[in-house]
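This report refers to the structure that appears directly beneath it.
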Amino acid sequence: MSNASLLTAFILMGLPHAPALDAPLFGVFLVVYVLTVLGNLLILLVIRVDSHLHTTMYYFLTNLSFIDMWFSTVTVPKLLMTLVFPSGRAISFHSCMAQLYFFHFLGGTECFLYRVMSCDRYLAISYPLRYTSMMTGRSCTLLATSTWLSGSLHSAVQAILTFHLPYCGPNWIQHYLCDAPPILKLACADTSAIETVIFVTVGIVASGCFVLIVLSYVSIVCSILRIRTSEGKHRAFQTCASHCIVVLCFFGPGLFIYLRPGSRKAVDGVVAVFYTVLTPLLNPVVYTLRNKEVKKALLKLKDKVAHSQSK
């Protein structure tokens, strides 16, 4: 970080909206945030207590739930503060740096994790007899660890490139969170080279993972079509459909914001809300409503709680 950085704080401009919508938006985002945290905590609890869910797929799902819970926590509380407190828009320089780092750290890790999960589904469906020998506990741990390390490296690049520049004013960030593109507009130096590097790195990570995921699912579909029983086909399609829905909702808005030419604040703001506020909620919703094993485990947990309370 340069010594020429004179700013000690930034002001988040928040979402572009009419002031009369402050209270309704606060209520909606608060409800979504609480549901996101509770929903993902519930998935973690159910998988933890039900031994039938101690499988590779659910091991990666616990990582995903943990990421989504904290991904939402990094952005939504500050967004809520900007809606109800005049002073809530202010964020210190170092807090802004931390928010950018963890935003990209968790987002990048989730991106890599989706790639790993697609490989896991491919191996499970295409090589069912060899699957357990290939996806051992050690292999799963190494894969999960690699996603977290890759996300950390990706985020460190974003943070270092963004905050080594001098910032001497103005300090109004045209966003509701600290992200590289709006922050770079405030730098007191030429940012064209850094913007290009960030664009390329985000593009390689997001587009690369997405393309590899698509290729995995093309191979999965080909493998499913070779399954002889209709019940086997239906179960395989159902399992993969849940993952595909979450993947599309995660990558779609992200690619739209970072890789499209030009920028419109209102459109970017709405898409960013979907990406940072609503997408983390989709994980518990999709994986509980569409997954029979998780629903069965939830019912068992409910019965256990009811039985313990009746004693």
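Cβ atoms here come from the backbone N, Cα and C positions, even for glycine.
Given the structure is predicted, the values throughout are model-derived calculations rather than measurements.
Features reported for this protein in Swiss-Prot:
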DISULFID  Cys96-Cys188  disulfide bond
CARBOHYD  Asn3  N-linked glycosylation site
TOPO_DOM  1-23  topological domain 'Extracellular'
TOPO_DOM  74-98  topological domain 'Extracellular'
TOPO_DOM  160-196  topological domain 'Extracellular'
TOPO_DOM  258-268  topological domain 'Extracellular'
TRANSMEM  24-44  transmembrane segment
TRANSMEM  53-73  transmembrane segment
TRANSMEM  99-119  transmembrane segment
TRANSMEM  139-159  transmembrane segment
TRANSMEM  197-216  transmembrane segment
TRANSMEM  237-257  transmembrane segment
TRANSMEM  269-289  transmembrane segment
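Residues of the topological domain 'Extracellular' (74-98) grouped by DSSP class, helix first, strand second and coil last, total 21 helix, 3 strand, 1 coil. For Cys96 (disulfide bond), the same-chain residues that are 6 or more apart in sequence and have a Cβ closer than 8 Å to its Cβ are Phe10, Ile173, Cys178, Ile183. Beyond the ends of the transmembrane segment (24-44), by six or more residues, the same chain brings 15, 17, 61-62, 65-66, 68-69, 72-73, 76-77, 79-80, 83-84, 277-278, 280-281, 283-285, 287-288, 294, 298 to within a C-beta distance below 8 angstroms of the stretch.
DSSP assigns Cys188 (disulfide bond) to coil, not to a helix or a strand. There are 15 other CB atoms within 10 A of the CB of Cys188 (disulfide bond), with all protein chains counted. With a cut-off of 8 Å between Cβ atoms, the residues of this chain six or more beyond the transmembrane segment (269-289) that come close are 15-16, 29, 32-33, 35-36, 39-40, 42-43, 61, 64-65, 68-69, 71-72, 75-76, 79, 103, 175-177, 242, 245-246, 249-250, 253-254, 256-257, 295, 298. Residues 1, 5, 7-15, 22-23, 25-26, 29-30, 32-33, 36, 106, 159, 163, 167, 173, 176-178, 183, 276-277 of the same chain lie 6+ residues outside the topological domain 'Extracellular' (74-98) yet bring a C-beta within less than 8 angstroms of a C-beta in it.
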